[in-house]
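Take a look at the structure set out below.
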Amino acid sequence: MRSEPAAPDGLRGPADPGTSRVDGGVPPPVVDGIGPAARSRRADALDAWLARLLPPVPGVALLAVGGLGRRECLAYGDLDLIIVHSGRPDVYRVADAVWYPVWDAGLGLDHAVRTVPEVLAVGRDDVKAALGLLDARFVAGDRGLAERIRAAVRVDWRRRAPAQLAALYEITAARWERFGELAFEPEGDLKEARGGLRDGVALRGVALAQLVPGPRGAVAASYRRLLNVREALHARAGRRLDRLVAELTDPVATLLAGAGPDLPPDDRVLPVGRPADVTDWRRINPGLALRAQIADDARTLSYAAQDAWRSVRRLRQGRPLLGRRGRVTRRPLDDGVVEQDGEVVLARAALAPDRADPALPIRTVAAAARSGLPVAGPTLEWLAAACPAPPDPWPPAVREAFLRLLGAGPGLVEAWEAADRYGLVERWIPEWSAVRNLPQPGPVHRHTVDRHLVQTVVCAAEASRAVARPDLLLLGALLHDVGKGRGVDHSAAGAAIAERVGVRMGLAPADVTVLGRLVRRHLLLPDTATRRDLADPVTIGTVAEAVDTTDLLDLLAALSVADARAAGPIAASAWRLALIDTLVDRVRAVLRTGELPVPAVPAPAVVALAAGPLPAVEVTDETVRVVAAADAGLLAAVAGCLAAHRLTVQSADVASLPGSAAVAVECVVRPDFGTGPDPARLAADLRRAVRGELPVAERLAARERGYERAAASTAPPRVVWHDGVATGAVVLELRAADRIGLLYRVARALAGTDAWVRAARISTLGAAAVDSFYLVGEFTRPARRAAVADAVLAAASG
């Protein structure tokens, strides 16, 4: 038997680190380095090892495709190999001499044995195989045979480009649909998601069809950086892993930061050196900076892919490409802006070198947003190179063009992205760079801060008829989160930035003030609506005092809804939006009449329940009412029973009934998932819970055992006291990780300290809970507050 060469350094199979040999005798090597040079060293080592494995026989060539073919070898990547032969009957014995040692080394292997006609036939029938063959590279054996294959594959690809690229786009679009966008997925697939490495490979395939230039410059650098991230992720995970999961973000960032000084500047994923500015989150938080860089590189690749596939569609439609134009028709879109062949370009007069028009880029992008057409790449390049930034302050024509851009509707997203890729947005709003690609951890926001701001503008444009100043609504939507990432209250920081931007844009001083107030108060309505008792006159009066005018109230209401809709379904739940509407209606009534609402009294349905035998229960689809004898533990009993029945409590009110010793608990609920429980069974269990006959704690423990426990939050729970925000009560706000039965545990802890809960507002945002409890009694003494807070924190942590 022939001896097997040892696996090359820098590659690792699934071996026990404590063993010295893996199956066929390959010692487990050590991962060596991050970056193109390390990947090339792995490729060289693999080539040499595989070349020794291939028997020296004529008419046979060993080709590498995939990552090895591109010399992009990762320590835990698979090998994609093809043995091509000229018709040898013993070729499978030759192949086995290669395949078995690779398997024995514990390396993943995708392999094939084919003749030249078979290789070409596979490439014609399977576009994924054809794309892989474009990366085919000679490793060992008959070099002439390998080069003939490589040349024939590429000629065939170019000859069949329309059909092959149509098929490639189909599978690309399906992949995008399945994996989403890497820039915005919280744990996106670095390889398969839109803007990931697979798109970089597809771009090379489109370029080899000689339709568009290949990846170069910023696109090529983005591809290399994503490869570096994937390489570091494999190293830290100790296995093949293509999703940057939360627990590996910081370790991967640390590894990449350490590798940075040894890499060329364009290949560095993270900045090198100490932070010069304590507000620069990219330098002080490597984990956030890593995710931001991934988002930026993914957006670069995604934009390049979108542009390339647009060229492919033009080819299929019979339109000219790459400047090869015959007779063309131009349709005016705006001053100096026209449509030509389905793209937005500049009119000839606008290209005059002596016409320095700072509004031209804005008009061009606005025309694209309104028409839904893309701006031609050369046009964007020219605008970036030839047009100056707007003067300070902006002339009215520039400001009006910018407002038309913001009001363009859904087309704004792609048009703004194109402008940002070419550096135009930062000329208009220099502060934009601070929030570009800034991640928003957690499930509430589905986009980075900058994309969320643009999405909010799109949503706000739909409400422009509901406000007296749609211009200020659009500007507020664009700037409401611009203060994020600075380590301070983003509303206050953002207000100062918004006012500075407003002055630069030439807004009137009064409008600058309104814009600042809009940004500073943009969370007032949703926070109040979900965390305060809307039946309390103090709640309504406090908001009315802060808002002061119905015009500002209308702006805040429209911005709050647009912000929620842009954030995603958690923030824009029907329950949250309904609460905001209720709050706005009540505040508007106060602003118009000057009279605060009277305190709420028990609803007639509650009074009717109290007239019968107690405990009395009423269950509807969204509301549960329980009337029973006064007991500090009543809310805990009801909340525990509801949690055991997989119902989430969104709000709870506890009211004493006049002239009675009974207390009513009224809860607004929703099912955790699916349909709610049987009303009759729930009512029976609620009666048992109130009488102390239902083992609530055991039920909840059993339910928790049925679920995989989420990873413990790194942030401990926190209690915040709010004085002067409620009528006859102090508000205890709990910020904690959400869990099954949290309200039950906290209500039971409050009852154990003799704290009487008048109302509770439960706000759950993904895995985080912000619950407010209205406590009646004496809570002025620090010792009393400390005892209550300690009990609540213990309950939330248990």
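Using N, Cα and C of the backbone, Cβ positions are placed for all residues, glycine too.
If you look up TrEMBL, you'll see 1-34 marked as region 'Disordered'.
Sequence annotations record features per position, and here TrEMBL assigns region 'Uridylyltransferase' to 1-332.
For 449-553, the entry in TrEMBL reads domain 'HD'.
The domain 'ACT' annotation in TrEMBL covers 731-798.
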Residue distribution over DSSP helix, strand and coil in the domain 'HD' (449-553): 76 helix, 0 strand, 29 coil
Average model confidence [pLDDT] within the domain 'ACT' (731-798): 91
Summary of DSSP states over the domain 'ACT' (731-798), given as helix, strand and coil counts: 27 helix, 26 strand, 15 coil
